[in-house]
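Notes for the one structure printed next.
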């Protein structure tokens, strides 16, 4: 069994904090929330402090922020129906582009591995894919409408230009660009959850996906490609995603976020019961029937709903969380 040790508790935002995002180098992170501001934090000695406050980009709550893979750009998704792109080209962070098109709140934003594509999703049920067309230029490459409800989260595959989205319609969708006509198509629908899918994350090589839901379960999905040795049929020679494991009974309320550590393979969850839980794949786990066990639970990690968790991409075992209680916490996972 492991233990989660609280290292730092940080305050600064007014109201609930919706999102936290580590910089690719792992030595800085950004946070966003109800106060319409983005804070960028860095470590000085042994303490974290706000280095920059960006407060002029949005008119309403900022729901999510994501750094580009190169670490030069920060994208923020807001309830004001826009996505802002920030960069430090002049030495100070400034908003260099505002992406408009969604009809309602933008819930999530994600950069592709190459940094050449950006995805956004909204309460308007659509997923948009944007091409980075040059300095501060973004062009809409696709507007995708396969979901029947609010889309909560978009996440790019860690190595390929494949996009996953999670929705209030209880499903996850996969998208890829067609080799024939360069159109973006929905290539798979992952159905097993019985309520809203709040968040998703790929494992390190992108062959598996974890999802978390309002139905209080976690699910692990595996990709089966055409010609796979497990005998899973792949109609139209498209990759099929199959639910290979369901984790239930550990969470008492909706699970709002999930993070699959690319360094350790540990899975962290953020829950509406104020808790953070850590899961590890069992040593005798089978490829097509994997088993995971809860290794630790911080039942009262925050005083209110935990909205977001993310493993540090560089420092193995370091986890960040944020909550409706207005705090950010940094944790260390010990074996």
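Glycine is treated like the rest: Cβ placed from N, Cα and C.
As the structure is a computational prediction, the values presented were derived from the model and not from experiment.
Here's what Swiss-Prot has on this protein:
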- 12-51: repeat 'WD 1' (REPEAT)
- 57-96: repeat 'WD 2' (REPEAT)
- 101-140: repeat 'WD 3' (REPEAT)
- 146-185: repeat 'WD 4' (REPEAT)
- 192-231: repeat 'WD 5' (REPEAT)
- 250-289: repeat 'WD 6' (REPEAT)
- 301-335: repeat 'WD 7' (REPEAT)
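Counting residues of the repeat 'WD 3' (101-140) by DSSP class, helix then strand then coil, yields 0 helix, 24 strand, 16 coil. Under DSSP, the residues of the repeat 'WD 7' (301-335) split into helix, strand and coil as follows: 0 helix, 19 strand, 16 coil. The DSSP breakdown of the repeat 'WD 4' (146-185), given as helix, strand and coil counts, is 0 helix, 21 strand, 19 coil. Across the repeat 'WD 2' (57-96), DSSP assigns 0 helix, 20 strand, 20 coil.
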